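As written in Swiss-Prot, here are the features:
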SITE      Arg16  site 'Important for substrate specificity'
ACT_SITE  Asp75  active site, proton acceptor
SITE      Thr76  site 'Important for substrate specificity'
SITE      Gln158  site 'Important for substrate specificity'
Amino acid sequence: MDINMTRIYLASRSPRRAELLHQIGVAFVIIPSDIDESVYNAELAEDYVLRLARGKAQSCCARLPALDMPVLAADTTVCVDGKILGKPESDTEACAMLASMSGRWHEVHTAIAVASRDGTEVALSTTRVKMAALSRDVIAAYVSTGEPRDKAGAYGIQGLGGTLIERIEGSYSGVMGLPLFETAKLLRNCGVAIPGTQD
C-alpha cells in the first residue's frame, strides 16, 4: 500500500494518547466517541478492551460519511485477580484499587483499533506491572493529588504514579494508553506515514 496519508481521526480525549501520537509525528483531529463502556457478565479483560476499541472506532466512522482519514481508537483497563479495574468513581474507590495492587503484579491491557474504508484492524498490548508495597498513608497522599481520577486502575505511570511502580514487563506506552509499536504498525497498514519508520 502507498504510504501517503499524514493525518488521522483520534477517537479519544485522552491527553496521554495525544501526547504519544505527537511523539511519533502523527497529526490528528479529535472526534470523541460515545459508547456504552459497561463490562459484560464474565467478560475477560482482553475481550473487553478489544470490544470497546473496535466499538469506539466504528462509532466515529458512522459519524464520518466520507471517512477521508483513518480513525484510531483505544481502550485501556487494569486487571488484578481477574477483576477489571476501570477509572475510579471516587477517592475511596481509588484507594481500594491501589490497595488491591499493593506489593503485587497486575496486568494492563490496551487495545487499539484503526478503521478505514477497507475495514477495521485491531491489536492488543498486555503488560505486566509490579506495584510497590504501599502503606495507607502513601495511598492516601497519592489519591489526594487528584492524579488517579481519570486513570484506569487509579494510577498514571507517566506521572507521580510512576513512583509507585517497581518494574514492568511489556510496553510502557501501552500502560500509558497507546502502545506505539502496535499503533504504528496498524496505521502504516492503512496508509498513514510514520516519520522515520518503515515496514
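A Cβ is built for glycine as well, from the same backbone N, Cα and C atoms used for every other residue.
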Exercise. Other than its own, how many Cβ atoms are within 10 Å of the Cβ belonging to Arg16 (site 'Important for substrate specificity')?
Worked result: 21
For this session: Please determine which of the recorded sites listed here (Thr76, Gln158) has the lowest count of neighbouring CB atoms within 10 Å.
Result: Gln158
Seminar exercise, completed: Row Asp75 (active site, proton acceptor), column other C-beta within 10 angstroms, all chains, value 26
For this session: Please name which of the recorded positions listed here, Arg16, Asp75, Thr76, is nearest in space to Gln158 (site 'Important for substrate specificity'), Cα against Cα.
Result: Arg16
For this session: Fill in the CA-CA distance, Thr76 (site 'Important for substrate specificity') to Arg16 (site 'Important for substrate specificity'), as an integer in Å.
Result: 12
Exercise. Tell me, by DSSP, whether Asp75 (active site, proton acceptor) is helix, strand or coil?
Worked result: strand
Problem set entry | the residue listed as 'active site, proton acceptor' to Arg16 (site 'Important for substrate specificity') - Cα separation in whole Å | 12
